[in-house]
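Student: One structure, as structure tokens, below. Some questions next.
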Amino acid sequence: MGFCGDEPFTVWHNDSGDFSKCFEDSVVMTLPAIYLLIFGMKRLYYLENKKPDLFTLKQLSQDFQTWRKTLQLEVIVSILLVAWKILFFIVIVSIYNKPFEILYSVVTVVQWTVSLGLVYLEMKKGQSRSWEIRLYWVFAFFVATVKLRTLTLAIAGKSIYNVGFLEYFSYFVGYCLILILSITSVLFFDNLESYQNLEENEISKEVNANLFSRLTFWWINSVLVKGHKKALEISDVPTLGEIDQSILLSEKFEKAWEEQLKKPNPSLPWALAKAFGPHFYIAALFKIIQDLLIFVGPTLLKRVLGFVESRDGSQDTYDGLIYALLYFLAPVVQSLLLHQYFHRCYRVGMWLRSAVVTAVYKKALKTSLREGTTIGEIVNLMSVDAQKFMDLCPYLHMIWSAPLQLAISLVLLYRILNASVFAGLGIMLVMIPINLAISNLAKKRQTISMKLKDRRTKAVNEVLNGIKVIKLYSWEQSFMDHVNEIRNKELDVMKAIKYIQGFSLLLWSMSPVFVSVSTFTVYILTGQVLSATQAFPALSLFNVMQFPINMLPSVVSSIIEASVSVARLQKFLLKKDLDPNVVEHHINEPGIAVKIDNATLEWEPNKPILHDINLTIKKGELVAIVGQVGSGKSSIVSSLVGDLDKTKGTVAVNGSVALVSQQAWIQNATLKNNILFAKELNQDKYQSVVQACCLEPDIKILPGGDQTEIGEKGINLSGGQKQRVSIARAVYNNADIYIFDDPLSAVDAHVGKAIFKNVLSNQDGILCNKTRILVTHAVHYLPYVDRIILMKDGRIVEEGDFNTLIEAGSHFTELMSHDEQQQQLQQQQAPDKSSDSNEQIGGGDNKESENNEEQNEEEEGENENLLEKVLRKSRSRSPSPSSNRNIDGDDIASGSILQTTRTPEEDEQDERELMEDIDIDGGENIQTPLQKGEKSSVLKQPLRLLKKLPTSINKKLNNSGSGVSLKPITTVNAKPQDKNKIISVETKQEGKVSFKIYLSYFKAIGVLLATCIIGFYVLTQLLSILANWWISIWTNSYGGNGNGSGSGSISLSSSSTVEDNEKAKYYLSIYVAFSCGTIAATFLRSFSMVFGSIKGSKLFHEKMFKAVILSPMSFFDTTPIGRILNRFSKDQLTIDESIARTLGMFLNTFCQVVGSIIVIAWVSPFIILAMVPVGALFYFIQKYYLNSSRELTRLEGVSRSPIYAHFSETLAGVTTIRAFKDVARFVTENERLLDENQKCYYINISSNRWLAIRLEFLGACLVSCAVLYTVLARSRIEAGTAGLVITYALAITGNMNWMVRMSCDLENSVVSIERIQEYCLLPSEAPLFNDKSVPMSWPSHGKIVFKNLWLTYREGLDPVLRGINCTIEPKTKVGIVGRTGAGKSSLTQALFRLVEPLRGTIEIDGIDITELGLNPLRSRMAIIPQDPVLFAGSVRYNLDPFDQYDDHEIWEAIENAHLLKAIKDLDGGLDAMVQDGGDNFSVGQRQLLVIGRALLKKANIIVLDEASSSIDIASDALIQETIRTKFADCTVLTIAHRLGTIADSDKIMVLDKGELIEYDSPSELLKNQDSIYYSLVKASESKQNIDNDDESN
């Protein structure tokens, strides 16, 4: 007896058409056991090795009663089922003895026992029910149904097998138990883990969704309902589950990537596959089954048409009804499987993006940006390249799925059309090498395209970072040309790629036409008759082939693009990290904080910047590092925080490090949070730090106090305020070692001394017991430090304390002598002191005068009295023609102070205000923290001199914050009512995308071209319909000649006439003509769309960039750079690559749907009755979905901007972040922002699946109705007509689905146009040019007249300049001073028209500047800003972007800027490249280059905003001399932090709260002891004297 007993092993029983009993029991019934063996063992291994969770069944609260009861039911049913299966086994063994029957019974008992074991373990470990068990129960139920059917037929006597009642009853009871388990698995599901990490209101419904809900995406209904009722907000979107969160995904990827890094050739794709592959591979199972179900329709079509042709009643109507039912069930199951596949793939794509973005972010924090990767490139890696991965994932399986579908199609076609199918196969084989060649061409250009995208993004980023300088220099046009030049190159390459892709797509999309034409031609020419049962199933298969054929080139193209992105990402991730061991963190020698031993360090390989450095710093020591510009001071700092590569020696620090960079790094956060820097608040410590850093007065006048939001890069703080916040952050950090990289250069002299005393000094400084390293150019601090390190050419040339170095002479003496030389140069016209001046100054208070005299005697030869120096310098100059004029031009008796009637109360109030805030720049005050009981000797003297100050300078600070240099001009989405906030919240449009947005795209393409494109799509569909309609006529013309049985084809009989043959050729020729017309129309539509999309992309980018660069400064002050970059990267990418493709697919499907409706209505009007309600439901579902999808897309776009903003902010402060060892916090914030963005994307893609399933369900209903109609009307309809109806019904299902989805995708994509259009319509500054012309020599004199000038930054804020009236005569040198919010910067902005006047005018050489275009105004003046900005490009480009000057003039300017040697030493000289932001130059060298710009410009009006703050004393002396000589015939306005800088000015302008308080020569102002200028000079001198007293004591 064999395995099957007496029967042979066969699959089918020939008599009944059912499975044979042996095959059913031994194969079909064991399939669930095989599934359980594969997946159950995996789950068993996991459970055995997992520790129990914190909660078990007994620990669950009342909230989990559903889970508890379901679990109890499942356990009880599983036990009963195992017991019953054992009983069933006994029954089977007692009745049967065949091996396959015994095997079946044993396998059944074992598999259910294993299932029970898994259920028990999951309960014991506190785990949610696994998908492996749930799917097993559902699978087992369906398989058990097959067995039950067999037994039911047998017991009913309709089978050849005999079944007893006992066997049937025992099986039926087991079947009912399986049914219970499958129902619980489908309807009940609680994910216990979700309750551990999330609040109840944050939990996504998906977490606890049952199987039915997951299959149909019912769980997303709650979000869609909310979105239908109102515009969704970010808070309405559920939080990502733990499996989707960036932190977990990053850990998985890092683990896989670390394994790859151990290999000789690390592979990023393999790392991603290792981390996320399993989930992706499981999706392939769904795809395989779905691919097989695709062919149910064509197979059934042949049977349906055969049924229609069998009018003789040989086939029962019941068979036709079964066909109609199958036409409904197969697409529904296919849809459920397809969208589970898509959902998994999209989810994996989202995971890949999270992992890649996080990896790039972390890598940027670990590598040096001097390695050659620009910020623009890194932004593209995060936006464009990561997006390529995400876009590819859903279609990557088509690489094997498409060939599989094509192979099955060809096999089925062969069965229908015999060997003629090989003609079509030959066409396809010919296309493969052609498309491979095309793909290679596309790949090469894709690499170039990505590089150009990087260059463009980098250029735009540079423009945004340097926009203020660009506007001040009127360089907008130059940078527009520069960016547009790169963009045009990018578009040229993109155009080539699109034409290549268009040609490839044309070949593939037309291949079904080629295949059908060639196949039918060969079929007819071989003498065959084409019947309806052959033609329409064949056409249906050709339609099936169309999708994989269309998708294959797109997927190949996407793979090519992704491979380019992989290479770029892999190259970046493989960049060398900064060596974490370059700085050792342990020093064996006790009492040593820093030790550098014989170290040579470099920024770039083989280009050392520091040579043989030997440096030892003791704990608690205060060390100053000095030297000329480019000597290596900042490089020493960089070496201590690990930014430099070490080629030899050792660098070691013992303890934590806090860094204050030379250029202050400020976060977009509140002032308080900037200081705390995520440290826990200690109020007393915080207050003392704020006081020590002289920030208290600033906090008092900020609109929100220390809760005021600081804009991006500290936009609403002055340079001094930013630097003091930076110092406060470091001090609060409580580190062991503090490194100050010349931060005091940004503050005025007396505030710098106050900070030095309060923070750094060995006597009273908060950090007196800490190790302090101070890089400085201010030599007056050097006597008070423990040790001085002198750098020159990257080497330490001298070292010691102040006195030792002075006695030793050499380099240090030379450095100190420069200060004296500078003073002597300024004193050449007045070598002697003025006794008159001394008497005048001394007339204030006798006691204080005596003290000052004693101090001056002690300091004689070391420190000159600043008041005397100012008087001497001012007296030495010729008196200005207007020196005795009033501000308005009228004579007044008391110099230039505006007198008003005052009361004693006002005087007292003024004294209190001045005690708190005597300031001459953006917030620099002289208040110092005093110990309890300490006398305020610091402020006593100046206060006594200021008792009679006028009331006009001491008005109370208003609540609007106008006393602070906030510049929130009204801009897009600004919220002026919130005065604590500077950065506007990015909002989104709500509701349906306006038709104007679509119209703007068509206008960008060109109305005529857009009309032609639409016409070509209509023509293509019309010709396609005519071809199919002709097939229907063709097949109907043969009447009953077709073989209705569907056995294949019939040959022409011997009686066939030549006429019949000619008739077939006639029909074939017309069909070929229509097909050729379709090909031609497709060609025209494809290439016209490419041409139009390129034209539209170019126009949108140009308009947006022009609108952005011409926007007022207020826009940039309130808009983060990351938000703007988002428009230029992701949104522009959507217009470049997505919209045209999506629009084309929508137009195509729309034409197909309309065409199908026309054909169906024409052939069978009755089906319209079914189409009306189905169409209505289509519309309702689409509208219901679109309300939410549209808002989710907008939210996804809005939430993407903070990622880029955070990234840009991080890169700007990466050195500080690394020094503070705070990398982990910033990584966590990046992950949080990424998750906020991804949750919108995830819900959006899930809603897409929700939509598709419902639309395809309606489509299945429509097809079923069409088949039902043909079945019921077979007596009145021809087979060819029926084939046409069903073919178009099948087509309209998919097409209507795709049309709705493409319309939704199109609207979602058009959101990018909406966002770009928003920027295209930004309000602009005044035009660069207008009708008003001025001579080329204007301004020839440089006379400036302010007439009643009022200025406000935006409507609703108080004016920042109030009635300024004064005249600056030609060639006058004016020093501008004032305290916080005085209006100094506002005056400069008004002069350059960065802000337009509220009222009043400014005239230059008699011309009202508001009548001029901005270009002639700004380009005829020169400004040297405090923050030097350089752009990537050559040195020549940075000095002369318009190529206006020859090499001789440029070299002369460089020489006068004292940078000649540094530039000549560069490879390439003037053509040497400047890195992003000038990173390959020191800050001082950057400042000198900026001075070179002004020298090259040769303007008659020069504005200096602390032009030499970052320059050493020696260079400063030379620069000051250059300014005096080269700008001698110019009008010069100098905003001063150091009073010495303006001591020799012709006039001093004192501003306070927007009012001009004093305007006269320094000598005249110093004669009046009540003048503010006198008090400032005296205060500075007093502070210096007190410091000297403290030192001597």
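Any Cβ shown, glycine's included, is placed from N, Cα and C.
Found this in Swiss-Prot, in case it helps:
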type: BINDING; residues: 627-634, 1378-1385; note: ATP binding site
type: COMPBIAS; residues: 851-865; note: compositional bias 'Acidic residues'
type: COMPBIAS; residues: 905-922; note: compositional bias 'Acidic residues'
type: DOMAIN; residues: 280-561; note: domain 'ABC transmembrane type-1 1'
type: DOMAIN; residues: 1344-1578; note: domain 'ABC transporter 2'
type: REGION; residues: 816-938; note: region 'Disordered'
type: TRANSMEM; residues: 75-95; note: transmembrane segment
type: TRANSMEM; residues: 100-120; note: transmembrane segment
type: TRANSMEM; residues: 135-155; note: transmembrane segment
type: TRANSMEM; residues: 169-189; note: transmembrane segment
type: TRANSMEM; residues: 280-300; note: transmembrane segment
type: TRANSMEM; residues: 318-338; note: transmembrane segment
type: TRANSMEM; residues: 392-412; note: transmembrane segment
type: TRANSMEM; residues: 419-439; note: transmembrane segment
type: TRANSMEM; residues: 505-525; note: transmembrane segment
type: TRANSMEM; residues: 1005-1025; note: transmembrane segment
type: TRANSMEM; residues: 1157-1177; note: transmembrane segment
type: TRANSMEM; residues: 1251-1271; note: transmembrane segment
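Map these features onto the structure and tell me what's around them.
Tutor: Its own atom aside, the Cβ of Gly627 (ATP binding site) has 26 Cβ atoms within 10 angstroms in the protein chains shown.
If one looks beyond the transmembrane segment (280-300) by at least 6 residues along the same chain, the residues whose Cβ comes under 8 Å of a Cβ in the stretch are 273, 323, 326-327, 330-331, 333-334, 337-338, 340-341, 344-345, 348, 393, 396-397, 400-401, 404-405, 408-409, 412, 537, 540-541, 544, 1263, 1267, 1290.
Outside the transmembrane segment (318-338), and at least 6 residues removed from its termini, the chain residues within Cβ reach (under 8 Å) are 215-216, 286-287, 289-290, 293-294, 296-297, 300, 303-304, 307, 1252-1253, 1256-1257, 1259-1261, 1263-1264, 1267-1268, 1270-1272, 1274, 1293.
Within the same chain, residues 413, 417-418, 420-421, 423-428, 431, 434-435, 535, 538-539, 542-543, 545-546, 549-550, 552-554, 1049, 1064-1065, 1068, 1071-1072, 1075, 1078-1079, 1082-1083, 1086 sit at least 6 positions outside the transmembrane segment (505-525) and bring their C-beta atoms closer than 8 Å to a C-beta of that stretch.
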Student: Give me the count of other Cβ atoms within 10 A of the Cβ belonging to Lys1384 (ATP binding site).
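Tutor: Around Lys1384 (ATP binding site), other Cβ atoms within 10 Å: 25.
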Student: Just to be sure I understand the packing, how many Cβ atoms besides its own are within 10 Å of the Cβ of Ala1382 (ATP binding site)?
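Tutor: A count of 28.
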Student: Per 10 Å Cβ neighbour count, which of the binding-site residues Val629, Ser631, Lys633 ranks highest?
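Tutor: That would be Lys633, with the highest Cβ count within 10 Å.
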Student: Gly1378 (ATP binding site) has how many other Cβ neighbours within 10 Å of its own Cβ?
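Tutor: Result for Gly1378 (ATP binding site): 29 other Cβ atoms within 10 Å.
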Student: Check for me, if you would, whether the transmembrane segment (1157-1177) reaches the transmembrane segment (1251-1271) - at least 3 Cβ pairs under 8 Å, residues 6 or more apart in sequence.
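Tutor: By the criterion, they touch.
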Student: In three-state terms from DSSP, label Gly1378 (ATP binding site) for me.
Tutor: strand
